[in-house]
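Below is one structure, written out as structure tokens; the observations come after it.
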Amino acid sequence: MPPLARWLARRLTLTLFVLWGAATLAFAAMRLVPGDPARIIAGGVQANATPEVLEAIRTQYGLAEPVPVQYVIFLGRLVRADLGDSYQLGRAVSGVILEQLGATVALAAGAAVLGFTLALTLALLTAGRPRARALSRALEFCALSTPGFWIGILLLTAFSFRLHWFPVLGNDGVRALVLPWITLALSIAGVLAQVTREGLERALEQPFALTARSRGATENRIRLRHALRHAALPVLTLSGWALGELLAGVVVVETVFARQGLGQVIVSAVNGRDFPVVTGVVVLAALTFSLINTGLDLLYRAVDPRMRQVAL
Amino acid sequence: MPPSDDSVTRVEERPDTPVRKRRLRSRRPAILLSLAAVIAVAVVAAVVLTGGDDDAAPVAKAAAGVPVAGGTLTYAVAGTQVSLDPAVAATAVTGLIDRNVFDSLVVQTDADSFGPWLAKEWKISGDGRTYTFTLREGVTFHDGTPLNAQAVKATLDHVVDPATKSAYAASLIAPYKSARAVSDLVVEITLSRPFTPFLQALSVPYLGIQSPAALAKPVADYKPVGTGPFSYVSWEKDKRVTLKGNPAYASPPGNATHAGAPRLEGLVFEFVSEDATRYGALTSGQVQAIAGVPPVNAEQLKKTPGFTLNARETPGLNYNLYLNQTRGPLRDVRVRRALSSAVNVGELIKNVYFGHYKAVRNPLSAITAAYDAAAEASLAGYDPAEAGRLLDEAGWKKGGPDGYRVKDGKALTLIWPFWAEGNKEQRDVLAEGIQAQAKLAGIKIDRPTVDTGAYVSDYLIGGGYDLIDVSFARPTPDVLRFAFASGNTYAKAGGNVALVDSPEIDRWVQEAAETADPATAVRDYASVQAKVLKEAYVLPLYTPVQLVGLSDKVRDVTFDAQTYPVFYGAWLGA
């Protein structure tokens, strides 16, 4: 087997292990939270479900079985990739997730592109330029220390409620996505810009930068062709973190901008003890993380020739 | 460049770098500074424009006009829902939406009177156990199924079937035994005991009459199909529900202001849980109406030209504090009355809500039938001296640590769980005021923060609390039975969280629910109100108010007995 294939096979095994671990943790967490799940599934505190209704719920969802038995049934289903039906919605979990996935992916992917672009642009323009850097750093610190919730409200007030440039509600496609994208992008752009600039400044001090300048390369060429490649490694490493931030951020952004998506699904599923939906979203998130990390490791090898020589 | 010369080994050389870099820089664009300045100015300008365009769009204040048909009204509501089946859901927003899709057998026309709707007349047997409804002729469901006695039977059987997992509707008609189609349009409903709140229960959207053909489908394919003025189009989860006008509508309730089809072509409910977003969507014209105007914006909306604030007190149980009379110090009526006298409710409500909510002295809201103003005389009103005297008499002496009173070496401590998820209307702030005033009287109130699961299992069912706060809107005095009958504890799907166990109260609420004589019912309900205040099982706080914000373009929205907006007659003006 070629080394790359062996490496990929090992990563796949690890991914399966991660999925099992994530699903088990979700199972344990949902059973450890206090309270009778049947009652919460029946509608929470305000509900006036009769004991017969609660009994029907326990029987239907197997909540009366001992926990180890529930776990075995749970794992059996998971192996068959059967996520089951949502308790609250009475529909297949895969359907519920697929239906909402598009909205969340559009939001998160757009925000990721915008966030990385913003961070790279700021870093390229301000690295090694003390006054511009000071201003940019101040903005970055503002962005990363202001809660996304508040940024969202400010943007809405200014650009939707006052200027009417962007709608909050309705089906205006991309126009309705602009403010959520900016809100979410700002939550990652601050940190990414700081890290990229650090890397760029370090690279610009290297002898190779001096050599390039002596050959007459323009500043733009030095920054884009030489320094950026060196600065890219720590940024790649941070991408995993950025993905986590984005996933956490969509919950807030979807609430503030009244959007539908997985963030809303997971919040109402956790509150309503909708085990199958919680498990489905957790498994999906774990899978995304694993795949993106594998992709990043492949990218490292493309960016940094030294990594190709490291034993696989 | 050698591979070892990586960033890590170069870190130590940083201190001298700025000088070198400045000298070596090839070019130095000053674009960035100006760009940043432009962005900053744009943002500031946008924020400063506050209110500018609100004046720019002057709308004539609802000049009386001839209703025009057409147009889509968008109504933004807080919260979301998990089921569109009114028989299943307990969420208020489901009732609000389903009200437009489903008609009920009868309509509540006032605090305690009912008019014909899908039933054109009805008879109640002498023993109060049999209700016979005669249905309107020629009414069809949105799917074409005719309305008949079988449909009524199917709806009620669906509600009480445990497989439906009804969270609310079934509890409203607990005495329901069976329904029988006497003829095509005559249905006879039998109850296991006389139950006068039955008509009121039948009038709410949760018991709207559903198409039997739609109910026969599997749960996963459920679609709400009724006979109402609007029919269901789509539900985008957590986003919106879209309805369209039913041109064939022919069954408006007895108190409707017009006949025939609804004037609106479409009716859209947007779920916008964030208060600031919902409010902004209204004032910027992106929606025409919103539910739950934040109290802090209420005054501002009133003053904004082009908008109307509609404030309606809810009927039923006020927002009350219930005192668990089975546990600890509150077993002693003197301690309960002392707590009641220690808290200056009027002053607190005024300070927290700036006059938008009214302080009350009765557990029942004033617009509920059988509300008895005279009962307030039994309330232990604000009187710190009296509170001190009662506590002394009950053996709780001054001089404990932090000024709390003690008895047998124990401080006078009450537990009032804080269920953060259910917090609304700044109730947490009000609670802090109550805590502070109780402290002045030497009573310590602990507020552990709990999540939904613990709140239900450890507190509401486990009984580990001394105080619980809750409101419950329903336009019938029968809510007194829900809140104070010994058989209606939370564990038994009721609202008796003070855990009152009084044969007298049980007899009164039972008699009031069964008697055919309205005067007897009124007398019984008055006795309950006086008794629960005299025993200080409950400390009334305020009447919740539904604040609906409307653009002046929206005309002729009316409100039903439950304070839900009714869109049947609504239309959009210029």
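Keep in mind that glycine also has a Cβ here, set from the backbone N, Cα and C atoms.
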Write down the single range among A:66-89, A:138-161 that appears in TrEMBL as transmembrane segment.
A:138-161
Scan A:204-230, A:231-257 against TrEMBL and say which stretch is down as transmembrane segment.
A:231-257
Does the transmembrane segment (A:173-193) reach the transmembrane segment (A:101-126) with at least 3 CB pairs under 8 A, where each pair is 6 or more residues apart?
yes
Non-local residues, at least 6 beyond the ends, that sit with Cβ under 8 Å of the transmembrane segment (A:138-161):
122, 167-168, 179-180, 182-184, 186-187, 189-191, 193-194, 249, 252-253, 256-257
